[in-house]
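J.: First the structure, which I've put down as structure tokens, then a few questions once you've had a look.
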Amino acid sequence: MEAVAKFDFTASGEDELSFHTGDVLKILSNQEEWFKAELGSQEGYVPKNFIDIQFPKWFHEGLSRHQAENLLMGKEVGFFIIRASQSSPGDFSISVRHEDDVQHFKVMRDNKGNYFLWTEKFPSLNKLVDYYRTNSISRQKQIFLRDRTREDQGHRGNSLDRRSQGGPHLSGAVGEEIRPSMNRKLSDHPPTLPLQQHQHQPQPPQYAPAPQQLQQPPQQRYLQHHHFHQERRGGSLDINDGHCGTGLGSEMNAALMHRRHTDPVQLQAAGRVRWARALYDFEALEDDELGFHSGEVVEVLDSSNPSWWTGRLHNKLGLFPANYVAPMTR
């Protein structure tokens, strides 16, 4: 989501984010009187009453995976919502009504802050939504995002035309005006800061600990429930409620889609041998995978793929997720 700064704000704590009037901030998460936001390459907390934001009707921050399914099953194909990830603060998931069910995709971000599901990348969620209104979000079927019934769709154009004359809008939203007028009176004064500001800094929400302290890896990128169909393996899947998705990004999706048809023996000579220590337990769910426990040392035979490596342990050869291990010298 995007928001526009109504006033200048100077950070007084290390976890706060400074900005100027008119700056456009990306909103990452919500906590009482503060938002976690991003501006440029910086992230931090900003007071809600210093910015202007109106969430599009398709954004439901607190909705769970199960609630999203219940909401969308009664809708037409293509209806969707975007919600905050319950297991990964600051991330988002998109739930889409397909013909037979509701599918959930993890919205990924690259190191430049762009959002993506497949190969196309966008500077904001609104741009992503706008793109998939006219381009299929599914790689198997033609499914376009929509939040209006076919009956209402005919009235949409006129409504948007009228709105477009009233001021700037956030690209990709469904007609809701969410940017404030830039004609703010010069006599306006910044509001009082939320209480946390007078306590030196806002209290951040509980985030996941560092990877080495986790029982399970952060932003798990392995599909544990292998009954999902092939399209879900190809996209970036939601990991909420214990369901882990690939989340591999545009550079890695193709590799993951074809890796199930790759014989690990054929990969043995592709890379040099080295060693890696397991950071987490990994359960092999398919014959071509290599299971291990945290702390075990795996012989790495091929590390050319950024997401899945080939290794050997206890005389067994197979594939395993690269982010479950740490390279080591031996």
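Just so it is clear, glycine is given a Cβ too, placed from its N, Cα and C backbone atoms.
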J.: Of the residues Tyr45, Tyr222, give the one that Swiss-Prot describes as phosphotyrosine.
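T.: Looking at Swiss-Prot, the phosphotyrosine feature maps to Tyr45.
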J.: Say a student had to find the N6-acetyllysine annotation in Swiss-Prot: which of Lys26, Lys48, Lys106, Lys112 would be the correct pick?
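T.: In Swiss-Prot, Lys106 carries the N6-acetyllysine label; others show none in the record.
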J.: Where Swiss-Prot marks phosphothreonine, which residue is it, choosing among Thr149, Thr192, Thr262, Thr310?
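T.: Going through Thr149, Thr192, Thr262, Thr310 one by one, Swiss-Prot annotates Thr262 as phosphothreonine.
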J.: Could you find out if DSSP has Tyr45 (phosphotyrosine) as helix, strand or coil?
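T.: It is in a strand.
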J.: I'm trying to understand the geometry here, so how far is the Cα atom of Tyr45 (phosphotyrosine) from the Cα atom of Lys106 (N6-acetyllysine), in Å to the nearest whole number?
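T.: Each residue's Cα considered, Tyr45 (phosphotyrosine) and Lys106 (N6-acetyllysine) end up 24 Å apart.
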